[in-house]
Amino acid sequence: SNFILANAQGRCGFPIVYCSDGFCDLTGFARTEVMQKNCSCRFLCGAETSEPILQSIEKALDSRQEYQTEVCFYKKGGAAFWCLLDIMPIKNEKGEVVLFLFSFKDITESRGRSYPGDKKEEKQRNEKQRSKKPGNSHLRAARRQGRTMLHQFSNQFVRRDRGEMKINRNVFENKPSIPEYKVASVQKSRFILLHYSIFKALWDWLILLATFYVAITVPYNVCFTGTEDSLSAARSTIVSDIAVEMLFILDIILNFRTTYVSQSGQVVYDPRSICIHYVATWFFVDLIAALPFDLLYIFNVTVTSLVHLLKTVRLLRLLRLLQKLDRYSQYSAMVLTLLMSMFALLAHWMACIWYVIGRKELESNDPRTWDIGWLHELGKRLEAPYINNSVGGPSIRSAYIASLYFTLSSLTSVGFGNVCANTDTEKIFSICTMLIGALMHAVVFGNVTAIIQRMYSRRSLYHTRMKDLKDFIRVHHLPQQLKQRMLEYFQTTWSVNNGIDANELLHDFPDELRADVAMHLNKDILQLPIFETASRGCLRSLSLHIKTSFCAPGEYLLRQGDALQANYFVCSGSLEVLKDNVVLAILGKGDLIGADLCRTDQVIKTNADVKALTYCDLQHIGLRGLCEVLQLYPEYASKFTADIHQDLTFNLREGSEME
């Protein structure tokens, strides 16, 4: 909507306290050029503007009455336009008129060209409009439109995006850290794969899953496929096994064409250097792991247990998992998942060994031990006993589940006794399992505890600070209203910055880096037209003096008569400028408030109160720091002093209203 709000309680005229973006777009005036001007719209007049209509507007304002007319105004560039002007007084709860709402509707296209020479028709039209009664349909429609705009305006003030602002964009471009000839694109072959590319990252995770598959299936096949019945089960996984072998072979080929980082920290693109580096590091491990043992099934070659034992060398690829842990150590959830996977994998391996021990006890000819082993006891409980030391017994599935149950209960606790060690060999293995379980508790679960604490460290810090704040309020017996304000401010600031103090965080960084970070954080205020002609060095110095503050609804940012310490830029939210409970201005996103003078030996007193209407995010630059920077850049100081008053949405310096 194209509208302005004017203060109806002004002592001299009716100054504009708010203008919408639509009005600025319609007239071509910037917001800072419209604020505090008289709402009689004399600044929009031109050669074809009717003086009787202007007098009628002023008369309606003096009498606090509604008024509607068609009038010819002029834009800032001098172009004329016709608009339907609606004036509506706004009353407070006491019935006093406190604001005027001016609504402007562009009717140039519907009206067509006006004929300035036809004064008679224009006079008749003006007399007809002045003779309209307040209750006619036009005014009722205008009143409804005004109330709708006021309702929207009261719920959420118009946010504006200063599209008209211009800035030297080169100031905010990323400055190269080294000369251009050193950062030129590297000439590399199109068949070279970057080790940090997205494809390589996804491929590494696929290989990691294949490695886990090998770590699960190889020990299982070695330990549980010694009988003819289980041979068919081994053949059932032939397709997946061959697919994994093909992945490993393809991974070797890709590693011969993948870049790496040398000890000096440079990325190596040379194919010959890549091949030498890979052969000297992981090639032989990957080659042994990729030997296609499972192709023997295709050619109907008898697979003995020796072949299965040779396949255990594939477990060497798990050494690559150490690289993953180091690379993803900063991601708590990822490290937690890998650690728990390793724990489950260890339990699986020990379950396979536990089953082998039980089989060996059965197959031994020692009459004292063959019938007391855990596997023999399991067969009797399941009513599937072993006959002649090897025939019969529980199924492979039941035996594996019982083995895994025993190892997990031994690793995590002391077991429950329903599956227990009876022979000497089983007892020795059980002791080793308990020792390994104690070590795993220290390594895995200790890291898990630290990771979980790190994940919730920020929440713990929030509760600690909140408790300290409540204890402070309780000890000093603060009143309920003040207590509520403190709690709301703390919760609001925490939700914005998550308890991170940017100044403290950047304190130990070099000035060059801090200045670049500060320019990025404060780019909104540095893109104001007042800083357009400032050099990059000046902007970097200014950015180090810019701070962030917050204001809750109903809180006063400044009080009348306070010493002004900074100029404020509204990043989000809405504020109002008050003097003697009279609204002088309504501020929104992108507005700049403060003073137009900047001398270190002068104390500037504020001429009004500034009160937050909503939650406000503000950036402010201290006047003392501003003066210090301007003294370092005198060529820009004169330009700043001359132009600052044009960029201030409202001048808070005491005495500026008289000027």
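Each residue, glycine too, has its Cβ placed from N, Cα and C.
Taken from TrEMBL, the feature compositional bias 'Basic and acidic residues' covers 111-129.
Residues annotated as compositional bias 'Basic residues' in TrEMBL: 130-141.
The domain 'PAS' feature in TrEMBL is assigned to 1-64.
Helix, strand and coil counts from DSSP across the domain 'PAC' (67-119) read 5 helix, 30 strand, 18 coil. Marked as domain 'PAC' by TrEMBL: 67-119.
Residue counts for the domain 'Cyclic nucleotide-binding' (530-594) under DSSP (helix as H, G, I; strand as E, B; rest coil) come to 10 helix, 31 strand, 24 coil. Among the features that TrEMBL reports, domain 'Cyclic nucleotide-binding' is placed at 530-594.
What TrEMBL records for 111-141 is region 'Disordered'.
The transmembrane segment annotation in TrEMBL covers 191-216 (among others).
Residues or ranges marked as transmembrane segment in TrEMBL: 236-254 (among others). Sequence-distant contacts of the transmembrane segment (236-254), counting only residues of its own chain at least 6 positions beyond either end whose CB sits under 8 Å from a CB of the stretch, comprise 193, 203, 206-207, 210, 213-214, 217, 221, 283, 286-287, 289-295, 297-298, 314, 317.
Taken from TrEMBL, the feature transmembrane segment covers 297-319 (among others).
Long-range contacts of the transmembrane segment (331-357) within the same chain, counting only residues at least 6 positions beyond its ends with a Cβ under 8 Å from a Cβ of the stretch, are 212, 215-216, 219-220, 222-224, 321, 324-325, 374-375, 399-400, 403-404, 406-408, 411, 425-426, 429, 433, 436, 440, 444, 447-448, 451-452, 454-455. Per TrEMBL, transmembrane segment is recorded for 331-357 (among others).
Residues annotated as transmembrane segment in TrEMBL: 428-452 (among others). Remote same-chain residues near the transmembrane segment (428-452) are listed as 332, 335-336, 339-340, 342-343, 346, 350, 353-354, 357, 407, 410-412, 414-415, 421 (criterion: CB distance under 8 Å, separation of at least six residues from the stretch ends).
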Helix, strand and coil residue totals from DSSP for the domain 'PAS' (1-64) stand at 26 helix, 11 strand, 27 coil
PLDDT averaged over every residue in the domain 'PAS' (1-64) = 86
